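**Student:** Shown below is the structure under consideration.
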Amino acid sequence: MGILAKIEQPRDLKGLTYPELEQLAQEIRAEMIDVVSANGGHLAPNLGVVELTLALHRVFDSPKDKIIWDVGHQSYVHKLVTGRQKEFKSLRLYKGLSGFPKRCESPHDCFETGHSSTSISAAVGFAKARDLRKEKNQVVAVIGDGAMTGGMAFEALNHAGHTKTNMIVVLNDNEMAIAQNVGAMSSYLNRLRTDPRYDRSKDEIENLLKRIPGIGSKMAKAAEKAKDSLKYLLVPGLLFEEMGFTYLGPVNGHDQIALEQVFEQAKMVKEPVLVHVLTQKGRGYEPSEKNPALFHGVGPFNKVTGEVIKKPAPPTYTQVFGETLCELAEKDPRITAITAAMPSGTGLNLFAQKFPDRFFDVGIAEQHAVTFSAALAFGGMKPVVSIYSTFYQRAYDQVLHDVCLPHANVVMAIDRAGVVGDDGPTHHGVFDISFLRVIPNLVFMAPKDENELRHMLYTSLQLDGPVALRYPRSVGQGVELTEELRELPVGKAEILQEGKDITLIGVGPMVYTCLAAAVELRHRGVEATVINLRYINPLDRESILRYARMTKRIITVEDHMLAGGMGSAVMEVLGDEGLTDVVVERLGYDEYVDQGAISLLHQGYGLSVVGILKAAERLKVLQRIEGRSSV
């Protein structure tokens, strides 16, 4: 039996020798590689924090002491040493262990995360609650240098420093978020990592300046006058010191002894402390060390070779989006592309290679990305800002206030719309229809397949005013991509087939599910109208009302929440017209959706052929057909 099998709770770590800890670290890395190679997951971030996690749990007393993992995708080691070893093979599977901290899983998961830059705010909250309750415990936020580029992190640092809150921030600096970090903070941290001048004292520099013949004394005096600048040159972490934090580091994040020593030191400080830890993303697995971006969030792979297992499949919507945008940008130099630290995930890496001057990765800063795009538009460009649906939630005010209210020509590409699979509820994109369709001047569309996505992107760039375009994470339908692009009439749905008995309205790829269900209904004698809605805003009220009056029965199908979704919009149209004799069945989600394969999630919520047939039965469509035939 190895050492890992004997670790049931963090207290079991405290009696281990350093050679035993080194062996344990190897076992943990092997276990994570084994499980993630089968299930997929965030491998590289976790390989980089093994020693760091062990040190935290040896020095601090979880769950009494609160350890908060920013984003949370680097919490696998934490899960393995906090009593979830036996369930670890179910990581990210349907009904299995979450890939992120979840309060319902363990008392050691004190705060749920999934989006970045929230941990310091949470730590301040826990610390203030502790102080108000007169309790004695430590609060630790672990945040990566990528997440530190998020504005929310600095809001929390500012609050903690101003209030002198007794808490610890561990800056896990691996020089990467998902892709290579960008921005001034990244440059600043890089100087802390690499600049040997931090090891010199102010006196040594002044003495060196004085030795320069003729001008040395004057230079030393100039340096004295510029003491603030010199201080920034000489004192590591001064940015954090100026914000009210005691800065400790940088520390080798793979040196177990050094980590434990610095954490013990941090515990002695009764004011906010920032511990700067240097780690290697992907450490201990050669393929991941060579390509940490690929193994940041990876699907199943061959653990011997590191080769990702890919089945033959059509291109993804994301790939088609990125390629089409490049195609359009070749002809229009005004087209620019913006992303928030996700160039590869949003399909914009090809655009970045072809048009580097027109590509902007603003870091983990969705609010800035959207407002920046609005000003680009008013400056004469055609910005396309691509962000995951779940992260657009962070920029809602900017969408409303900076893009839509002044009618900016911004195309908002909403990637990962609908359920996304194994990453679970923090990453599902199932709220965007609800919060975007209420904006009066926003043209909001969703393609049924990858070819329609091309035409919608082309249409978006021809329109005057803000446009939102939502599409899923999955592969396309495998349809032919037409070369010639055309504009799609705004606010007009596509009637794919007509039938007198029931109307099926789908949005996005759910349209194909409606078509498949219509075939099954036909086998039962039910003739269905199938509508590809295309535009969520403005709605094709004319088509909705026409077929509602004809069939009296409607089923709406959407990969989205029911409340405020497309089905709700259809019912609003019917209500406005007073069509009380039309009955509607809405298929979608009515709760936070768990993790699992997309197909399993769709089936579980009735977004399937079987689900549509059951909805038709609830509408008594079959009984109506049987009644007509017996007359």
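Placement of Cβ uses the backbone N, Cα and C atoms for every residue, glycine included.
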**Student:** Of the candidates H73, H78, H162, H401, which one does Swiss-Prot list alongside G114, H115, S116, G146, A147, N174, Y285, E366 as binding thiamine diphosphate?
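**Tutor:** It is H73, as the record lists it for that site.
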**Student:** In Å, how long is the longest CA to CA span across H73, G114, H115, S116, G146, A147, N174, Y285, E366, which the record gives as the thiamine diphosphate binders?
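**Tutor:** Maximum Cα-Cα distance: 32 Å.
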**Student:** How many whole Å apart are the CA atoms of H115 (thiamine diphosphate binding site) and D145 (Mg(2+) binding site)?
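**Tutor:** Their Cα atoms are separated by 14 Å.
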**Student:** By the DSSP assignment reduced to helix, strand and coil, which category contains E366 (thiamine diphosphate binding site)?
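**Tutor:** DSSP call for E366 (thiamine diphosphate binding site): helix.
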**Student:** From the Cα of D145 (Mg(2+) binding site) across to the Cα of H73 (thiamine diphosphate binding site), what is the distance in angstrom?
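**Tutor:** Given the Cα positions, H73 (thiamine diphosphate binding site) is 14 Å from D145 (Mg(2+) binding site).
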**Student:** If you count Cβ atoms within 10 Å of each one, which of the binding-site residues H73, H115 comes out on top?
**Tutor:** H73
**Student:** Here are some binding-site residues: D145, E366. Which one has the most Cβ atoms within 10 Å of its Cβ?
**Tutor:** E366
